[in-house]
Ligand code: UD1
């Protein structure tokens, strides 16, 4: 039976909200444990559906995985003999499955990973994952929907310059290079906090990586890595989501377990919108204004404004004073959810990778049934529903569950009139 999230607006957020480890880090940390035979443990693991998908993928590769959601911990026992195939059902359910490619190439010297196809936020190329591995001596081909890669005799160090600082390609190439013969230099790499986190774990496992957090990584291959216990970096996108919840609804939140230094551009923009923000180590407080001012935002690779927070800017501008232009530079097709926001009364005009949003007073938005099509858009629709008058019913809850731990419970604990319930069908 389909579930939905029902929010009764207007309903401001007021209270404390927790942040656990980053989805975009933990999935790759789990994949990277494949690099070392033995039991690795990852802590600060969020209780989200994608972790169960990655656990299943690792099990199918031969690992013994124990996921203890209540303890925010996952242990992975990696065998000597690993499988090397990631099937379509899992890759389709979770695109981050592609992140086993680098570890499998390092461990097995071959990998077969189903191609993910497109998703709700656009086509996502793999050309740099492929070209980087080819530079390291791998042969790649596409057969029957799988990307097949092999490197008889193992990968060798190479210099490869990414055409764009792709998060996924940087991670796959960095992990693949850890045990390659010789030195690998990766230029124009991504430097998101999640990449630094993965690089740190690899170092704790014995990898020799220099330049983490900069645009060039130098990796000296080592013969083997050892298992590790590692704490996942805080989820800056969840922290940002809670901050926008306060900004859009004129609420006040204390965000706990976060690393506000990973959000400096975002917090600057929220201050421009009229928020008061008090940052302390490990937590920060956001007080939203009575009515936000519209902001202009361009999404960019880190340290720029994250594309994953773009839908929240649209929601903020929808109720803001004035008009704001949002430019999406990372996933140009990431606008599907704006038609859902228009159902609440938002005024959005799209022009290629730009969106112009003309704000209206929040009481002019009225609740409606809307559909979440991806993780962040779903969360942004719930927040817009908190600002609108009346009931907003958000379907497609499974998308939100992929990336947010107990999203509804946390908001309800912070005073929001929100609940999950079974959708009413036709009778
Ligand atoms: C990751 C995050 C996602 C975030 C994104 C950008 C995970 C699970 N997902 O996605 O939440 O929105 O970073 O911060 O960590 N591209 C190519 N060729 C390639 C690789 C990428 O053309 O070989 C393009 C993609 O189509 C996209 C852009 O580069 O337009 C960014 O992709 P990338 O940085 O790789 O994002 P992901 O790793 O897919």
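Sequential numbering from 1, following the chain as shown.
Keep in mind that glycine also has a Cβ here, set from the backbone N, Cα and C atoms.
Going by TrEMBL, these are the annotated features:
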DOMAIN    7-411  domain 'Enolpyruvate transferase'
BINDING   23, 24  phosphoenolpyruvate binding site
BINDING   95, 308, 330  UDP-N-acetyl-alpha-D-glucosamine binding site
ACT_SITE  119  active site, proton donor
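All features noted in TrEMBL, drawn onto the structure.
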residue	record	DSSP (3 states)
23	phosphoenolpyruvate binding site	helix
95	UDP-N-acetyl-alpha-D-glucosamine binding site	helix
308	UDP-N-acetyl-alpha-D-glucosamine binding site	helix
330	UDP-N-acetyl-alpha-D-glucosamine binding site	coil
Open item on the list: Quick check for the class: what is the C-alpha distance, in angstrom and rounded, between residue 330 (UDP-N-acetyl-alpha-D-glucosamine binding site) and residue 23 (phosphoenolpyruvate binding site)?
Closed with: 19
Task: residue 95 (UDP-N-acetyl-alpha-D-glucosamine binding site) CB neighbourhood, other CB atoms within 10 A - done: 17
- [ ] Rounded to the nearest Å, what's the C-alpha distance separating residue 95 (UDP-N-acetyl-alpha-D-glucosamine binding site) and residue 24 (phosphoenolpyruvate binding site)? Just drop the number here, would you?
- [x] 11
Open item on the list: Measuring Cα to Cα, how far is residue 308 (UDP-N-acetyl-alpha-D-glucosamine binding site) from residue 24 (phosphoenolpyruvate binding site) in Å?
Closed with: 11
Task: Cβ contacts of residue 23 (phosphoenolpyruvate binding site) (under 8 Å, same chain, 6 or more positions away) - done: 46, 48, 50, 51, 235, 237, 402, 403
TODO: May I ask which residues of the same chain, at least 6 positions away in sequence, place their Cβ under 8 angstroms from the Cβ of residue 24 (phosphoenolpyruvate binding site)?
DONE: 96, 167, 192, 194, 235, 237
Task: Count of other CB atoms lying within 10 Å of the CB belonging to residue 308 (UDP-N-acetyl-alpha-D-glucosamine binding site) - done: 24
Open item on the list: How many Å separate the two farthest-apart Cα atoms among the UDP-N-acetyl-alpha-D-glucosamine-binding residues 95, 308, 330?
Closed with: 16
